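Read through the structure below, which is laid out as structure tokens, and then see the notes.
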Amino acid sequence: MDSKIIVALDYETEAEALSLVDQIDPSLCRLKVGKEMFTTLGTNFVKQLQERKFDVFLDLKFHDIPNTVARAVRSAADLGVWMVDLHASGGLRMMEEAKNILEPYGKDAPILIGVTVLTSMEDLDLLQIGINASPMEQVIRLAHLTQRAGLDGVVCSPQEVEILRKNLGSDFKLVTPGIRPVGSEFGDQRRVMTPSAAVRSGADYLVIGRPITQAENPAEVLRSINASLANI
């Protein structure tokens, strides 16, 4: 099955992460490796996940001068990851160079997505960095810029999914963190939604961490979430 679930691996050690990974089925999810784990464990950890047949979303949110970001994206492609992201606030030229460097990879290129507004940020957070707009307004602005640059989609909170789907079309990928199954705590995510509600709104992929990784039976939780999405 082509699962919509991306499990966020937020662990302090390789042993903890692989203990979880070895309990779940690669046909039921993809895996997200972020800054903490990648900085600690490097490319070898990604390769171990790939050897277990998991698609990997390399969530490093590149944001630098265009040439540097493009080369980093190329390195991610050489690593064979399924998806990689960058900050849309890095600008049009940065995103275009990142997209262009993937042309030689053809169908083997990773999905390239832009990060709009982090789901932990609220109006005051944006104002404090000089952005006089609501999170929704800034997300829409950056999502349009991302599409103009030719990227495959964006990361956005569940509340922005519906309006982005209407504005950006059916082929533009929407990757949604801030997903909490019914009964889960919100944690540090401020704009959240259940898996089924997010998919109904138009999300393509759902990033879920602690509700799965900290569950007593992660495999069962994963199966349950997939089942809840089966008929949507």
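Backbone N, Cα and C atoms are what each Cβ position is placed from, and that goes for glycine too.
Less than 8 angstroms from the CB of Gly209 (substrate binding site) sit Val7, Ala8, Asp10, each of them six or more residues away in the same chain. According to Swiss-Prot, the feature substrate binding site maps to Asp10, Lys32, 59-68, Thr119, Arg180, Gln189, 209-210, an assignment based on sequence analysis.
Sequence-distant contacts of Lys61 (active site, proton donor), defined by Cβ-Cβ distance under 8 angstroms and a gap of at least six in the same chain, are Lys35, Asp85, Leu86, His87, Val115. Residues or ranges marked as active site, proton donor by Swiss-Prot: Lys61.
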Cβ neighbours within the same chain of His63 (substrate binding site) - under 8 Å, at least six residues apart: Val69, Leu86, His87, Ser89, Gly90, Met94
Distant-in-sequence Cβ neighbours of Pro66 (substrate binding site), under 8 Å, six or more positions away: Gly90, Gly91, Arg93, Met94, Glu96, Glu97, Ala98
